[in-house]
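Per TrEMBL, the feature ATP binding site maps to 415, 416, 417, 418, 419, 420, 421, 422. Annotated coiled coil per TrEMBL: 133-237, 273-300, in sequence order. Marked as domain 'Kinesin motor' by TrEMBL: 321-659.
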Ligand SMILES: Nc1ncnc2c1ncn2[C@@H]1O[C@H](COP(=O)(O)OP(=O)(O)OP(=O)(O)O)[C@@H](O)[C@H]1O
């Protein structure tokens with residue numbers, strides 16, 4: 001580029017010099033202007049063409065060989081630029097001169113034409129051939145003169161041109177020589193380039209394995225990078241592990257210290273254990289002595305226990321194996337109907353000894369006088385209206401205890417409908433103060449069994465709840481299938497009574513017994529009578545069997561607690577029953593009189609006891625005779641309306657009460 005700029009500058013300088021020269025020449029040529037104007041344009045053209053071709057010959061040929069391109073180009077361009085500049089300047093000089101000659105000729109021609117115009121205005125007529133010849137001769141003379149001048153001028157110029165040509169030729173020669181030298185140099189350079197090229201090729205071939213190595217190196221570098229990154233990750237992991245190890249080491253040290261502490265503690269504990277072992281050995285000796293003492297005291301206790309049982313039963317026997325308690329229920333709010341109590345209740349007197357009850361009835365004599373008629377009764381105990389369930393149970397708890405001692409116990413509730421039998425036996429389940437004899441008896445049995453456990457007794461208990469309705473037995477713990485038929489069977493050898501196809505549930509807690517009672521209550525047949533809207537028309541029998549075994553004495557005992565809620569004892573006339581209800585009442589009354597008969601036969605020590613006369617007595621056969629103990633509640637209503645039924649119940653109870661065996665006979669008259 002710098003060379004180009006230099007060449008351009010040189011060209012500019014030459015142009016400027018040429019222009020200056022042209023100016024000078026123009027000034028010189030001013031004198032010959034008129035000759036120039038007359039020069040021949042055809043000749044000028046030829047001269048210009050000759051000059052241009054000679055100039056083109058001067059320009060050296062530029063070879064742009066692919067390989068030598070840059071070198072040759074630079075060399076040729078410098079030569080060419082110089083030659084071109086020279087040729088251009090010379091051409092421009094010639095052109096200028098030609099232009100000037102043409103200008104001169106044309107100006108002369110113009111002048112001549114002006115003269116011609118004058119001649120045309122003096123144009124001779126066609127017939128003036130002589131005149132016209134004269135004009136032509138004049139004109140040819142003038143032209144001849146002009147051409148001579150022009151030729152003269154041109155020959156001068158051709159000379160200059162020739163001079164210039166010679167100069168150019170010499171320059172061309174020089175340039176050709178220079179060109180030759182340069183061509184040689186180019187050839188040398190080409191050779192050099194060839195050599196360099198070959199070298200380059202050999203170097204490239206030599207570099208090939210190096211490139212392969214480079215590639216390998218690259219892949220190795222990548223691998224190294226990968227390895228490095230994985231090493232870094234591993235290092236991080238190692239550092240983490242190191243931290244963990246550090247922590248573990250610390251905790252191991254702590255644990256070791258703790259272990260040391262533990263060892264010391266263990267040693268101390270070992271010492272203590274040793275001392276304790278010695279103490280234990282001592283205590284074992286003491287225990288052996290105590291065991292011996294306990295065994296002897298236990299023997300004493302068992303002896304005492306059997307003594308207690310003996311005495312307890314002797315007391316009961318003294319009291320009588322069949323006992324009767326009378327209970328008078330209070331007047332219900334619904335029954336008084338706002339009237340004064342004395343107007344609705346029977347006049348009942350309770351003499352001081354708690355065993356007597358006197359009912360008074362106002363009767364009218366034949367004379368029309370009203371006289372009181374007294375109905376005195378005596379039982380084992382009489383409970384007044386205000387007697388609580390708890391008070392009543394206190395008096396029967398000894399009987400319950402007898403069941404645990406291996407006796408068969410029967411507790412009946414007898415009375416007319418609505419007299420309070422169910423209240424006495426079952427009570428109000430959700431009210432602890434008003435729960436009846438059955439739940440209280442169960443509770444006491446469990447408590448007593450627990451106490452007896454210390455004395456070596458272990459009890460198994462099972463419950464059964466049956467109903468006798470219209471002389472058929474029903475299972476109150478079953479699925480309610482009334483079509484099932486059950487048979488009462490007695491084992492003469494074991495003295496055990498069973499009822500076929502009935503549910504017997506083993507119980508371990510009082511709660512289980514309560515659930516069992518609830519289910520039975522739901523299943524119990526309840527019918528409506530005129531006397532009591534929820535009167536039970538059946539006998540319900542809860543049988544609680546207790547089997548005990550003493551692990552110390554190896555004694556066994558089997559007792560049964562029968563708790564019976566009897567059906568209402570209505571007189572047919574009073575109940576107003578008809579149809580099915582009449583049948584029910586008849587069945588109830590029959591079974592109740594059978595019960596009375598059995599008790600009387602037992603008291604009289606009859607050879608035949610009519611157990612089979614009713615399902616109830618047959619079911620209770622083993623619990624009513626032999627070593628069985630019976631208690632009957634006679635429940636009575638205080639209402640004046642129930643007076644006759646009450647008297648009937650009290651008479652029935654008295655009959656039962658008279659059957660007592662081994663008790664002092666009471667001389668009481670009713
Ligand atoms: N001692 C009492 N204290 C308070 N209320 C009582 C007492 N005895 C009975 N009653 C009430 O009298 C009503 C009738 O009693 P209960 O149902 O026990 O008679 P029942 O003799 O069992 O009759 P049924 O033979 O028809 O079954 C019940 O509402 C009961 O709560």
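Cβ from N, Cα, C; glycine included.
On the structure: features taken from TrEMBL.
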{"residue": "415", "record": "ATP binding site", "contacts (Cβ under 8 Å, 6+ apart)": "421, 566, 568, 569, 633, 634, 635, 636, 637, 649"}
{"residue": "419", "record": "ATP binding site", "contacts (Cβ under 8 Å, 6+ apart)": "329, 568, 635, 636, 637, 642, 645, 646, 649"}
{"residue": "420", "record": "ATP binding site", "contacts (Cβ under 8 Å, 6+ apart)": "327, 329, 635, 637"}
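Confidence for the coiled coil (273-300), expressed as mean pLDDT, is 85. Each of the binding-site residues 416, 417, 422 was scored by how many other Cβ atoms lie within 10 Å of its Cβ, and the smallest score goes to 422. Around residue 418 (ATP binding site), taking its Cβ as the centre, 24 other Cβ atoms fall within 10 Å, counting all chains.
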